[in-house]
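Report on one structure; see the data block that follows.
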Amino acid sequence: MDENQTEVVTDFVLAGFSQTPSTEAGLFVLFLFFYVSTWVGNVLIMVTVASDNYLNSSPMYFLLGNLSFLDLCYSTVTTPKLLADFLDNDKLIHYDQCIAQLFFLHFVGAAEMFLLTVMAYDRFVAICRPLHYTTIMSRGLCCVLVAASWMGGFVHSTVQTILTIRLPFCGPNHVDNFFCDVPPVIKLACTDTFVIELLMVSNSGLISTSSFVVLVSSYSTILVKIRSKEGRRKALSTCGSHLMVVTLFFGPCIFIYARPFSTFSVDKMVSVFYNVITPMMNPLIYTLRNKEVKSAMQKLWDRSGLTWKK
């Protein structure tokens with residue numbers, strides 16, 4: 001072997017949150033609670049929608065069930081590895097595992113962005129064209145739109161991954177985050193990444209920003225088209241949960257991906273928010289003020305034979 005040949009990195013070291021065992025033990029319990037809550041909440045949404053004839057036949061709740069599945073996948077891409085690293089001082093991740101994590105993170109994340117846009121369109125049709133709602137938002141169209149969301153996420157993630165794996169990595173190998181993502185990983189490349197960064201920002205940043213603009217515009221159009229105060233109040237009630245999800249999910253994504261890949265001290269906390277907190281909060285946001293979902297959950301609870309007896 002040539003003595004001047006550059007060593008190829010085969011493993012990365014994730015920075016994590018702390019090197020103090022007592023602190024990491026506490027964080028392990030906290031994030032385990034977040035992850036279990038994410039599974040319980042989203043699985044409950046999926047089972048409730050699947051078991052209730054009305055919800056299962058409604059385009060809105062069909063899309064909500066798919067959103068819950070995406071939230072489960074999204075959280076599972078990063079959180080199990082994070083939990084394992086709290087118990088492991090090395091926090092190593094193999095190059096192939098790192099690339100796989102990066103791929104699935106952007107695959108599911110972009111699919112969720114597109115699905116949220118589809119859900120906004122669904123609300124637009126339901127409120128602005130109620131008489132034609134069931135005709136326009138047929139089950140066939142809903143399935144096509146969901147499939148298109150997954151395909152869009154796949155194409156986006158494939159582009160991000162190809163741009164990353166073409167880069168040479170020869171050290172250092174410390175990823176300044178608790179998971180492998182494009183911004184901290186490509187900073188470790190042994191070459192000038194300016195053009196790659198511009199391409200990736202124009203990809204991820206454009207998707208997150210444009211989707212956010214489309215979503216806000218669609219909800220604004222809904223409110224403008226409704227003249228009566230009562231109708232506007234109902235529209236706000238219906239779309240309020242969607243707007244909250246949009247803000248919680250897209251805000252951090254735009255902050256991370258729609259700027260040049262410079263590092264800020266708050267990046268880890270922002271990443272926690274859209275990787276861990278938002279998938280856990282979505283079931284609560286969509287059910288706390290939704291009488292139909294709560295009623296269906298009560299029926300499911302009653303059918304299980306676990307009804308409280310006074």
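Every residue, even glycine, has its Cβ placed from backbone N, Cα and C.
For 41-286, the entry in TrEMBL reads domain 'G-protein coupled receptors family 1 profile'.
As annotated by TrEMBL, transmembrane segment applies to 27-49 (among others). Within its own chain, the transmembrane segment (27-49) is flanked in space by residues 17-18, 55-56, 61-62, 64-65, 68-69, 71-72, 75, 79-80, 82-83, 86-87, 276-277, 279-280, 282-284, 286-287, 293, 296-297, 300, which lie at least six positions past its ends and keep a Cβ under 8 Å from the stretch.
Annotation source TrEMBL lists transmembrane segment at 61-79 (among others).
Tertiary proximity for the transmembrane segment (99-121) is limited to same-chain residues at least six positions away from its ends with a CB under 8 Å from its CB atoms, namely 60, 63-64, 66-67, 70-71, 73-74, 77-78, 81, 93, 145-146, 148-150, 152-154, 156-158, 160-161, 164-165, 179-182, 185, 204, 207-208, 211, 214-215, 218-219, 242, 245-246, 249-250, 253. Annotated transmembrane segment per TrEMBL: 99-121 (among others), in sequence order.
Taken from TrEMBL, the feature transmembrane segment applies to 141-159 (among others).
Sequence annotations record features per position, and here TrEMBL assigns transmembrane segment to 205-224 (among others).
Annotation comment: TrEMBL describes 236-258 (among others) as transmembrane segment.
Annotation source TrEMBL lists transmembrane segment at 270-288 (among others). Listed by sequence, the residues of this chain that lie at least six past the ends of the transmembrane segment (270-288) yet keep a Cβ under 8 A from its Cβ atoms are 31, 34-35, 37-38, 41-42, 44-45, 64, 67-68, 71-72, 74-75, 77-79, 82, 177-179, 181, 241, 244-245, 248-249, 252-253, 255-256, 294, 297.
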Notebook entry, point to check: Near the transmembrane segment (61-79), which same-chain residues lie under 8 Å Cβ to Cβ, leaving out any that are not at least 6 residues past its ends?
Noted result: 31, 34-35, 38-39, 41-43, 45-46, 49-50, 55, 101, 104-105, 108-109, 111-112, 115-116, 118-119, 122, 139, 142, 146, 178-179, 275-276, 278-280, 282-283, 286, 292-293
Checklist line | Tertiary contacts of the transmembrane segment (205-224), as residues 6+ beyond its ends and Cβ separation under 8 Å | finding: 110, 113-114, 116-117, 120-121, 123-124, 127-128, 156, 232, 235-236, 239, 242-243, 246, 250, 253-254, 257-259
Item checked: Within-chain partners of the transmembrane segment (141-159) [C-beta distance under 8 Å, separation at least 6 from its ends] -> 59, 62-63, 66, 103-115, 118, 121-122, 203-204, 207
Note to self: Could you tell me the mean pLDDT the prediction assigns to the domain 'G-protein coupled receptors family 1 profile' (41-286)?
What the structure shows: 87
